[in-house]
Amino acid sequence: MTVSLRSALGFAAIAAAAFYALVVVPQGGDLTTMINGSIYASYAILALSLALIWGYGGVLSFGQAAFFGLAGYVYAVAGLNLGDTALAALIAVASAAAFAALLGYFMFWGRVSDVYLGVITLTVSLILYRFINQTAGEEWTIGAAPLGGFNGIPSTPIMTALGKPDETLMPEQIYALSVGALVVCYLICRLVIATRFGRAVVAIRENPVRAELLGYDTRFYKLGIFTLGGAIAGVGGVAFANSVFVSPTMFNLQTNGQVIIWVIVGGLGTLAGPVIGCFAMLSLSTWLGSLDGGGWTDPNLVMGVVLTFCVVALRKGLLPTALGLGERLFAVARERMGAPKLGEPRAAEDRP
Amino acid sequence: MTAFNRRTLLKTAAAGAALGLAPAYIRGASAADAIQIAGIHDASGGIDIYGRPMINCLTLAVEELNARGGVLGREIALKNYDPQSNMQLYTQYATEAATKQKAAVAFGGVISASREAMRPALRRYRVPYFYSLLYEGGVCDRNVFCMGSTPAQTLQKFTPFAMKRFNAKTIYVLAADYNYGQITAKWIKKFATENGGDVAQADFFPLDVNDFGPTIRKIQAAKPDMIMSVLVGAAHNSFYRQWVASGMKDKIPMASTTFGIGNEQALTSPEEHDGIIVSYAYFDGIQTPENLDFITRYKARFGAKADAVTEGAAMTYHAVNLWAEAAKKAGSVERDKVIAALETGLSFTGPAGKTTIDAATHHDTLDVYIAEVKGGAYHVLESFPQQTPADTAAVCDLTKNPNETKQFVIDVKV
Amino acid sequence: MDYAIIVLLQVVVTIANLALISAGLAVIFGMMRIINMAHGEFLMLGGYAALVSHQAGLNLWLSIFVVAPLVVGLVGAVIERLVIRRLYGRMIDTMLATWGVSLALVGLITVIFGNTVAGVSPPLGSLEIGAYAIGRYELLVAGVSALLFAAGWWVLARTPVGLIARAAMQNRDMAAALGVDPARVYAATFVTGAAISGLAGALIAPIAGVAPTIGAAYIAKTFITVISGGAAILAGTLSAAGLLGAVNAAFSFLTGPVLGEVALLACAVLLLRLLPQGVTGRFFRRSL
Amino acid sequence: MTAAAPLLEARDLVMRFGDVTAVGGVSMTVGEGELRCLIGPNGAGKSTFFKMLSGQLRPTSGAVALRGRSIVGLPASRIARLGVGVKTQTPSVFDGLTVMESVRIATDALLPPQLARRRADEALERMRIPHLAGATVGLLAHGQRQLVELAMVVAQAPDLILLDEPAAGMTGVEVDRLGDLIVELARSSSVIVVEHDMAFIRRIARTVTVFNRGQVLAEGPAAEVMADARVRDVYLGKDAA
């Protein structure tokens, strides 16, 4: 399958999925689906942010949820104090980006690499978790917002209609907003990858030494993609804050682990894959928990086996494996019909 | 989250009904018109020690009601959800119970965080909600009924009792680090001061802490007269072990506001728990005919090895029966009618004695006991019948302000 | 004075504990460059193995020192066969796969034993120092930790097995040059690491208790200790555990356990920023 | 900074790794348009010397100046932008990208899009690999990968080109072509080549510098240096036999 055909098909699939999520699902009127949908979409945005920085930038952040949780908390605190939720959301995303930039500067200018980078990001996320987790006392109140410790902030404000601070959005609208944000973030990622900056980022992932020798300051590009990833994770955090409410679980070990699992299961090096992985794994987890009178199995057991299996047997993840399978079938079908074989090196014109 | 447009919501619900979205779980022959109810408790994860006996009692109460012909001639269909000790799943399942299962009432929530995660969703979708675990008090929400004991009901008597029994002036508080622990620690300080004592120090521990070594050394240095444990969850259990291993058990006596709520007496050895005193609205060793009969039925249903019935579990049993009484009285399971019926001061006499709903606070008046743990069992030392929820009453009056929806943090004057 | 001694003892116990629970992970990381995310669950399994066999009537010491390492070593062998072997040389993949194993083990133990199990009290009573007291068992655990590291040094430095191990630590081909199949060295390493983790888990079980999810409480701490220590198994783990453990204990005393842990984590972040290859990447480079 | 400053001037460059001295005080001057060959036995310090020039290693001591401007301590990317192109010893390429994408990465670094595209096409032409434009680099043969890397370097039109064993792994025909290419490159840029293949050196070299044990052993016109007894001793004695 040629790249152009493949990306056209990809776009068609994404458009169809977005259409289904934004038009068909709300028609059904099933609130549960929509509320779960907005939670899943918020997590999917988080998965997308890791897909971008890990799959394209080669930066494995073990603590991506740090930005997710930070933005959620900033949104809740700013929203409770300012009353203007749109402004609060902006501040939240900006803080997540700024924090990512700061952390990125600390790591990339220190030439911290690979595993060590993973450890530092995870540790930073756990520090935030530990810190927020112990703010149950009333001395931890910022303006009108008690941080709430383990409980989180159940009074996290819900977005209001633009310009109408008294009109709180309905769950259906929050759902539309979350899915919309997911689609927009996806498109932003796509666009960024296609720019000169995005191509340089991919080149740096492929071979940082070579990129450096060609005049690219790799620290700068890594910082750029890491900051963008932080901002996108922040968007997810704000969406999550609106779908549920903010609590320290947003940046604990499990959340950080889950994001990585979604990306791996969905397929590293793709953007849509991790989103699919996220929806699949979350649905699985919710479904396992609603099995009445279970005990025959345990959600952890299933998740663990799925993850291990994906890494050991399905090396590339769901989406690339499925695409590969589809391509092979396609190739076989074409060969039977006597068409020329696919997969030959193609001329430069095919490339953007 | 208060400004939801109710009309739009009703419209949505009606649209759902019009599209013929049948309840997801249909059981039995007469299930078509069964009353759907939801139970949302942790059956797995770190907090399941509290959830499991509550699920048992919920199940037992529903089965007994159905055996007696159901409520208003309709069978009750119970669906249990397991949020796996994950607060986010509480919100999801509460919504699912309300909008998909179309539950008429919801029972559940274990630790306070889970209650707060469910409360807004259940109010939004107009599903009355019973919360049965003891907690810090202050919830003021017409959609919610809090069945468990609150600090004014227990600690007010328990703190002076413990100080007198242990001849103690200074108390060292070890508390779980979330709002229950924080607020309870304040109540302890208040009651200690009122009785001429003092809290030497209050340390707070996140629920996953299991190393208490440095803390025990700190206690040794502070030399308090007694310990008050407000520790919660499986990880905190190791405190009792480390306390004994450090040779402190016979040096400083201990009282607790939480020991046993998760059947800790079965998870620790007698040498670790003997002598700890606790105060709840229910002990499975209460020698009343209602309770003895109840325990017999419980064991017959779940086996002799089942989790012992805790206060939260017994109150869940009471909650289901109170709701059934209210539905009978109202002649309907419709939310507003049921709540109105409950607000008439409905009471139920069951294993935990007589519990009466207080219309102003949506809490209940109940009997409180103080007991000593010995050899894995409780020995009641003292009882205080019919304690009123005075703490919540100080800040909350739903008869005057029926639209109140928040949890007051009661300003504890020391 | 008594207080100073007891505080000092507490600090030593904290450090020894950290070193003990990190040892198994360090062996596997140092020799194989694999970060075993199921390490916490190996500790957890060790605790269960000791507890269950003790409750079945076996002598407590036998359960801790024999049954637990054997059982967890065996589990390690199975996991090495099924998972690790297929992923050699793919560090990130191994990490993710072992993460999966970790979740699966938590689930499996929950299905078998439920979420809560009655614990065992630490034996041996307490040691009184003036008005203070510390559990003798905690001191014993610290002693075993010291012995374990001494034994590790002896094996690495003085025995033929150690020679092969050191060669494998340098690089894969060197072991092959000594006429040993590197795959066998790795399998043996993984099993040894698992067995040590099992022993450590069993030793701390009477103090910390057991629960299926208890591994999560340890994995971040041990992971950070081992990475901060760098490549040298013994010196790295000891130096990092010493530094981080002391910081942890000091802050726990001054403030509370939460800030103690926050201080440990913050210290590790700084350490990695200043010494990106870990402590032994910079100092004691020739050590074991 | 004077107009007369040579393109590259390295003075007393020293590089130590722990107790090991890889380069022990090397000085070298390369003028505009010069083609210089570096030879010397393995471990003589040639690659380390290169890495100090390109900024991949920071010298322990000594100075490097590009047109009179000190570049010691600048990051490699900065030095690259100042006009130093590097082809490393083992081909350092982007395995996951296509040939065209790779070369575009090189030209994009310095040029506006229109020009970048044209320059990339020219570079492929010069390497005679336009037919490989759409091929994935990771799937190419070793010699082809060398050409791809060279194309990336050439596309940037640097003032100074450092080539570390460019002929390694190439077939005879390819080597010949490469020789012509290097000579041609030297018309517009200064080139320093590290190479082992003596026939190749004779063919392209004007000035040769011989490294041994981190020092410059000899320097001068190719024929003269190769006749030097010491040089034959440490290096040619074995290889040229």
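Placed from the backbone N, Cα and C atoms, the Cβ positions cover glycine too.
Annotated features, as they stand in TrEMBL:
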type     : residues  : note
TRANSMEM : A:6-25    : transmembrane segment
TRANSMEM : A:37-56   : transmembrane segment
TRANSMEM : A:62-80   : transmembrane segment
TRANSMEM : A:87-109  : transmembrane segment
TRANSMEM : A:115-132 : transmembrane segment
TRANSMEM : A:174-193 : transmembrane segment
TRANSMEM : A:223-247 : transmembrane segment
TRANSMEM : A:259-282 : transmembrane segment
TRANSMEM : A:302-326 : transmembrane segment
Non-local residues, at least 6 beyond the ends, that sit with Cβ under 8 Å of the transmembrane segment (A:259-282): 10, 13-14, 39-40, 43-44, 46-48, 50-52, 54-56, 62, 64-65, 182, 186, 189-190, 193, 303, 306-307, 310-311, 316-321
Proximity of the transmembrane segment (A:115-132) to the transmembrane segment (A:62-80), 3+ C-beta pairs under 8 angstroms: yes
For the transmembrane segment (A:6-25), distant same-chain residues with Cβ under 8 A (at least six beyond the ends): 33-34, 37, 41, 175-176, 179-180, 183, 186, 272, 323
The transmembrane segment (A:87-109) vs the transmembrane segment (A:174-193): 3 or more CB pairs under 8 Å: no
Residues of the parent chain within Cβ reach of the transmembrane segment (A:37-56), under 8 Å, 6 or more residues beyond its termini: 21, 25, 64-65, 67-68, 171, 174-175, 177-179, 181-182, 185-186, 189, 192-193, 198, 201-202, 205, 225-226, 228-230, 232-233, 235-237, 239-240, 242-244, 258-260, 262-263, 266, 268-271, 273-275, 277-279, 282-283
